[in-house]
Structure formats: C-alpha cells, structure tokens
Amino acid sequence: MSAVVFARHAMTPAERLRDAGWVAFVGLILGIPLVGLTTVDVGGRLGVETRFGLLVAAVAAVFAGRLLLRWSIDQARNRKLARDQASTATAADRAHGAQKVVTVLGWVALGASIALPIFYSDNRYVVDTATTVLIYVMLGWGLNVVVGLAGLLDLGYVAFYAVGAYSYALLSTQFGWSFWEALPVSGALAATFGILLGYPILRLRGDYLAIVTLGFGEIIRIILVNWTEFSGGPNGISSIPRPSFFGLEFTRSAPEGSQTFAGFFGLDFSPMHRLIFLYYLILVLALLTHAFVSRLRKLPVGRAWEALREDEIACKAMGMNTTNIKLSAFAIGAMLGGFAGVFFAARQGFISPESFVFTESAIILAIVVLGGMGSQMGVVLAATLLVLIPEFGRNFAEYRMLLFGLAMVLIMVWKPGGLLAHREPTLRLNPLGKAASNKEAA
Amino acid sequence: MSKTPTSTLLSVRNLTMRFGGLTAIDDLSLEVPAGRITGIIGPNGAGKTTLFNCLTGFYKPTTGTLRLAHPSHGEMRLEALPSHRVARDAQVVRTFQNIRLFPKMTVLENLIVAQHNVLQRASKFSIAGLFSLPGYRQAEKNAIERAAMWLERLKLTHLADHAAGDLPYGIQRRIEIARALCVDPVLLCLDEPAAGLNPRESAELNELLLYLCGELGIAILLIEHDMSVVMNVSDHIGVISYGRKIAEGTPEQVKNDPQVIKAYLGEDEEEGEAAA
Amino acid sequence: MAYALQQLINGLTLGAMYGLIAIGYTMVYGIIGMINFAHGDIFMVSAFIAVTAFTILAAADVTSIPLALTFVLIVSIFFTSAYGWAVERTAYRPLRGSTRLAPLISAIGMSIFLQNAVQLTQGARVKPIPPVLEGGVVLWDAPGFTVQIGWSQMLIIVTTVVLMLAFTWMITQTPFGRQQRACEQDRTMASLLGVNVDRTISFTFMLGAALAAVAGVMVTVYYGVVDFFIGFLAGIKAFTAAVLGGIGSLPGAMLGGLLIGLIESFWAAYLWAEYKDVATFGILCLVLMLRPSGLLGRPEVEKV
Ligand SMILES: Nc1ncnc2c1ncn2[C@@H]1O[C@H](COP(=O)(O)OP(=O)(O)O)[C@@H](O)[C@H]1O
Ligand SMILES: [Mg+2]
C-alpha cells in the first residue's frame, strides 16, 4: 500500500485519487483526537466539544492538497528530466554557474540592505524586522563556525547569546560602561564560556555533544531565572542604555553638556533615527562577522575546522591537535554569539531569560542547516526566510509558529543538503574559468 | 638488490594488544630499518592494521614498547604519545585501509590541511593570517608549492581542484599517499595501498615506493596483499598470523618458508584436500 | 528517614515515566541513529488524547476505574501510534541516507509544529481533569510524617514493570524483535536478508509512541493537569535519561529514567527545588565525561 503512496513513476489519475484518499484517511485518523474533539471549560469542569464540520473541512483540504502536491511534484520532475537531457553542462560548470549566481545575489543583498532604511525611513515595522533578520544572520554566521564548519552539533548556542546580552546589561547598568567598551569584554566573556563548556565535553561525539550543549543552554537559562540578585530573575534587566552615535544620544533632549543626534545634525527629532542607526549598527557588525569568518575559513584554522567535520581520525593522523581545533571553534562561535547578544540587549533596552529559550537555539541551528552547512550566503537566505515566514503569517498571528515548524520540515525534506549546498574551495591551484575546463576536456 | 645495512629506525618489542578476550597482537617483535621498505603480510584478521593503530597512537598497546630512533629528536617512545603527536613530532605518518580523505574538500585542500602545523605556526594564532602578513603569505605559498610538487609527482595536478570524495577509488588511494607525504614523514606506514588498484596502477605504485625510499630516504612500512607489490619492492618482509610473527626475511626467504606457505598461502588447499 | 522514603517513592514514580518515554528515544536512536526530537511532543499529544478520553467517559458517567483506564489507554495508544507513524513517514523517511543533521532539524521543526498544532486546536490553557485515582496506602506512620504510596503511583510503577517485561520478551523472543535488532546492527545487510526495513522502522516508531502514550495517560492520572508545553521538558529529561543509561540500550533507558527521577525528587526535597534541572544536566555531564557511552552503553572503541 505504501509503495503506491510514494511511487516514483508518474501516476495515472486513478492512482492519484487513491493516493490522496489514503493520505486523507491518515489525516482523518490524526485529526479525530485533535481537530474533531476538544475539551472546553464548562462551569469549572471540562466538557467535550465536537467539531466534526471542521474535521471534514480539514480532511477535504488534506485530500485536495495532496492531489495538488503530487501533481506539481510530477510536473517538476518531468521538467527537470527534460532540462537535464537538453543541457550538456558538466557538474563542474553547473557548480561554477551556481557560485556566480550566489555571488551576484550576495552583492544584490548587500546593496538592498544598505538601501533599505532610505526607502523605508519612516516605516518602523520594516526597519525593525530587517534588524531582526540581521541579528539572526549574525547568530547564524557565528554558529556556522561551530556546526557548519567544525561539524560540532551545538544545541545550546543561545547560552552564549545570553552571556553577551547579560554581560552588557550588567556592565552598563551596574558600572556605567558604554556599548563600545562593553562589546569586546562581553565577547571575550562569551568566548571564555565557550571554552569552559567545550573543554569537558571534547571527547563526546555527535549526539552526546548535542544533548550536553542543550543541557548547558538550559542551565544558563535556569540560573538566570533563579539567581534574582544577579540577573533580576524572571523580570530581567531593564533600562539598559542604548548605544550612542559617537556620543550623540538618540533622545528628544540631551542631558547637560552633551548634544542629541537630531540637534547636532539640525534634524527634527524622530524616534526612527535610533532604529535606523541600530539597523546600520547590526549591519556593520554582521558584515564584520562575515568578513572575519570568511577570512578564517581560508586560514589554517578554518581548513582544520572543515577537516575536523569531514574526518576527525584523519585529522589526528595528519598530526593535528583536534582538542585545540575544537576549542577554537567553540570559542570563536561563542564570541560571535556574545557580540550579537550585546547588540540585542542594547537594541531592546530590556532583557529577560525568556529571550534565551531552547527554541532560539533551534531556530539558529535551523538557519545554519537550512542554509546549507558552512555556506555563508545560505545563512542569509535561511535567516531571511525563517524570520519572514512567520511575519507573513502575522495576520493570523496564532499560526506563526505552526507555519515556522512546518516550513522547517518542508524545506529539509525538499532540500536535505540545505538551500545552498555548494561549497567553494578555500584555495585553487588552477584559477577558475576557461583554463580549468579546457584542461579537463583535454 | 643487496643494500648496505642501515641502522634500526623503529623497534617493536613484545607488543601485545588485547580487545577483551581477543588477542589481536601477541608478543610481537619487529625491527624496521631506516631508509628501507619493510613489508608486512599475513592473512585477513592477522592483526596488521592493529599494529599500525598501536604504532600511530590510535590504540594504546596492552604491553610492549615501540622505540623510534628519530633522526633529529633522538629516541622517542611511540606508545606514550597521543596520535596527533605521533604524526607531528615523531613524523610517523600513516594511510588507512579504508581510505580516509576529507571528501568534500578539494585534493589540494587535503594536501594543505596535512601541512596544518607548519601553517598554523606561521599564522601566529591566525593574527598574521587574518591580516595576510608577509610571513604568513610566504608560508602559504611554500605549502602550495610543496603540495603542487607532490601532485605533480603523483600525476594528480589536473585533479587538484576537484572534491576528493568524488574521485575514483584508485585516485583516492594516491591522494591519501600524497597527503601523508605532505606531513613530511620519516616513517611512512601504508595500509594496503594497492587494494583496489588495477595492474598498471600497482606498477606505478611500485615505482613510487622505490622512489620515496631510494631517492628521498623515507622508511616505509607496507601492509599489502598484492604480492606483485610486496615481493618486488620490499627489502625485508615480516609475516604475521593470528597476531604472532611467524617468519621474516628477504622476499625470497619468505616465499619459500614452509610456515608461511602453510599459514598464508596454503591454508585453502589443505582445507580443500581435507574436505575431498 | 520517613521523608526520604517518601522521596524515594515519588522519585521512582517520576523515573518510571521518564523511563517509558526514554525507551522511545533509545529505540529510534538504536535503529536509525537520530534523536527523535518530536518524541516529547508525541508524549504531549498522548496526554491530550487521554484528557479528552477521560472527559468523554466522565460525560458518559462511566464510574468503573479499571474500565475507564483500559479504554483511555487503548484510545491513547491507538491515536498516538498513528502520530508516531505519520511523523516518521513524513518528516524522517524522506531524509534517510542524507546528512545526520537534516533529520534532526526536521524533527525540531516537527516538534514546534506539534506543539503549536495542539495549542491551536486544544487551547493554550492548562487542562485539569477530575482526580481519577485518589488515595493510597499508608506505608509508615512515622511521628510527624506519613509515608504514603498513592494508587496512581502504584499503577505507574506496576504498569512500567509489566511493560518492561513484555518489552524485553518482545525484543528478545519475537520475530519482530529479531528484525528490529538486525536493523540496528546493519540495515543494509538486514534488508538483503529479507527484513522489511521500512516496516520495521515504522513499527519501531509506533512502539515508541505507544510507550509514550502509556506515559501520557499516567501523567494525566498522576498530576491531573496537562498543557501543550509538557512535551518539551519531559522530552529533554527522557532523552537525558536515555543518554545517561547509554543510548541504544533498553535497560539503560529505564535505569537512566529512574536515576533522573530520583535525582530530581531528592534534589528538590533536600536542596534547591528551583535548580533541580541544573542537577539533572550537571550529573549527565559528569557521567558522560567519565563514561562517554553512558552507564549501560557498550563502550565504543573507535575502529580505525
Ligand atoms: N577496536 C577493536 N575492537 C575489537 N576488536 C578489534 C578492534 N580492532 C581490531 N580488532 C580485531 O583484531 C583482529 C585483527 O584485526 P586487523 O588488525 O584489522 O587485521 P588485519 O591484519 O586484516 O588488518 C581482528 O580479529 C579484529 O576483529
Ligand atoms: Mg587490515
């Protein structure tokens, strides 16, 4: 029976109907307890409410959706077959072409992100959302070092984000440090935490590593919730100072002896100035991160990370100290997460443990994997998608996370290697282009 | 093929390796001379790969000593070193029976990764590397040249920018040898390098091994089933069966040793006769 | 002393439930080497099904407790297994043979999906049900403290023991168990020898879900409340239990579950209740550092 459902050949209409019918039947079984029935509060006790109309509608939707999906998959497959037969491009050419497209896309994305606040200078929502995207891009690039390059499965990345955010929050509210003073210190603190976590678990592999990092993330969060004197507990820390523009505050009126941003430039005060400044700030931080990680990738340490991901035993046989390599990946990933955390705290002005739950780690990990492990542009694409998909669902706000989860599953099933799975070598013997392909042909 | 006697490079004394109840290597002693090719043969499961694993720090021997007379560092005890130090400090480098390349990285990258320690030192905690300082640039250039030299020597230059994992088996074997050579070994341990090669490739392998040993003076420890390789290139052969050394000597001596014929070559015949 | 005894009973009860969920993790890990991140949410779904079933029974004026429990168990096991099957079919099977991370991400997505699906269809509020099994047996009337084992606690411990026995029998004695173990050791070889690997894997997911369903019913009976978020923490604790016991090992999962239950209840009783999860994870880290393959897991010698 199941062979029919997932048959590879193109289906006849009768088969399609049977297939959709079978899926709808499964949908019916699954739907009965959750969609068809629910419990409601009737006078202090639970009573059962039936929603068979809704159930029938849902099953019908599943039936139609399955028919449509099956049909479009077949169409896409036929088109792809035809295309493959028609084109004579080699795999190398195609990879080369893909790389070109990605590069062009990268420049377009950069241009668009620089221009965005100019076009949306009075649209708070757009600038805010774009800032959120950039925070996730930066986090994704940071985690990409650990997971994408070094291949170490980290499910607790949010802990370093939290360390960065709380470091800045405490340094600024308790000791009056400015954003720029706190940024490097917080990053260093996060890196230290990275090493502290990394050291004891170096020997662990794969999934053991995953669960311990997850546990570590939870431990940090629980401590933040319960150690009230230190972290403010569940209420968090508020009135965190915002970063200033070279000493110019983004406020309506400046305190004695200093100037506001608007006053200095002779502009009318607008709350958008700060938002746009924050947007450019995270853009610069993200670009620096990108430059840093891309450069590291081409250095011995970066190649060692990738080699570690590919085969740890071979690394050892080549005389590489895998302990140091792993620790450096943890430390640098953690540091970048810490930077992002500092920015997050400065942007929100308020932080609480609720922002550092496991779901955040999962989202960041999803960004790295959906993007295509190790691919920097993939992270941008995946972060944009994952932030925007729930935003599109904003009109039915309750469905946001539902859509988010569904999207994660669908993208993974559709492209298990990630959206941009192509890997660009860190160095070449023969420069790319005609020369190389000529040689191959010869 | 008579050569002047040389000093001992590696001496294995009373090596024993047990896995629970199984004794994979049983009180094995062996001398590996400098600048020579030493063959190790023996039936499947005899403990040859386990010997390599003990040598290169992947397994800790149950008992026994592994002394390396390193040309510049003096005597080193391999059994006390972790695997990465065996390769880095003692310069004993190995290949694997079931090839272990970095499959998604290109051939060139594989060879550059093998020079990690040199490059890492030149990159000064990546600072010199990040800013692309001249010292680091020079080191990187040297590394690429070195890699290019081995690629040329092993006829791999045209494949340098291909992902290593996508290439045919025989080529992957060569890449693995090239990669090991980039670590700059004093003792090169090859685990069945001819497995899966066609006759022409095996002949090329012979030539390469003789070159490495004859011209460059690299000592080679060679596990091999392909007799056309072992018998032709080895100066000396040790035969292992059930973890014990049952014979050793020149290829001629080993070939004619009744013990060897019984344990290694003739086992099937005898069983066949018994059954008949 | 009396207090400690009471904590022991509470810890064992809690641990038995963790153990039941942990078996689902361990079996799936054993056979396809992935963390089924959605397993905790499958457990949560089963608890909601149990709530609905109990409410239906209450509306129908069923008063016989054994009858009610049997009915609820059967209903919950049936639907929850269907969920286990469907999750594997849609989110994991298409990813078999791809990278190790792909199914993990898909599983995390599935977990988020299930959590929100339940929240949407069943509401975000906590669901209380009237007590099903009240009272218990007083074991020891010490001065100042009475040690009691509740009927629901007894039910949980007895059910778990019976299930464990049945389960061990099934894995060691039945054809399915043989096929399951064969797939664990070498899937390719098993399929060459005529084992229907797809079906075995599907069945493993259903079994794991069925055990989670039992745990779901027990939680509903024991605590009397469920909400859509219980899957996350229970899932993580159970997975921790599976890892602690040595992932892939069935007795290990049970042992790990019991240990975690005991650690939690003793830590909460004698030290700081707020930090009980920190203790759990801390001990997990310690055990893994000393015994990287868990308590009962086979030590994994890296074959080079
Ligand atoms: N890590 C290990 N754990 C248990 N047994 C092992 C291990 N490594 C090797 N063995 C056993 O040691 C024996 C020798 O194996 P090996 O050295 O690989 O033989 P070969 O001579 O074919 O290379 C075999 O019986 C093998 O199963
Ligand atoms: Mg071998």
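Heads up, the Cβ atoms here are built off N, Cα and C, so glycines get one too.
Among the features that TrEMBL reports, transmembrane segment is placed at A:20-40, A:52-69, A:101-121, A:133-153, A:158-177, A:183-202, A:209-228, A:275-293, A:327-350, A:362-389, A:401-421.
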Interface present between the transmembrane segment (A:20-40) and the transmembrane segment (A:362-389) (three or more C-beta pairs under 8 A): no
For the transmembrane segment (A:327-350): best-contacting stretch of A:20-40, A:52-69, A:133-153, A:158-177, A:401-421, by Cβ pairs under 8 Å: A:158-177
Surrounding residues of the transmembrane segment (A:133-153) on its own chain - C-beta under 8 Å, 6+ positions past either end: 113, 160-161, 206-207, 209-210, 213, 279, 282-283, 285-286, 289-290, 293, 296-297, 302, 305-306, 308-310, 325-326, 329-330, 332-337, 339-340, 343-344, 347, 363-365, 367-369, 371, 373-376, 379-380, 382-384, 386-388
Cβ-Cβ under 8 Å with the transmembrane segment (A:401-421): same-chain residues at least 6 beyond its ends: 98, 102, 366, 369-373, 375, 377-378, 381-382, 385-386, 389-390, 392-393
Positions whose Cβ lies under 8 angstroms from the transmembrane segment (A:183-202), at least six residues beyond its ends: 156, 159-160, 163-164, 167-168, 171, 177, 208-209, 212-213, 216, 323, 326-327, 330-339, 341-342
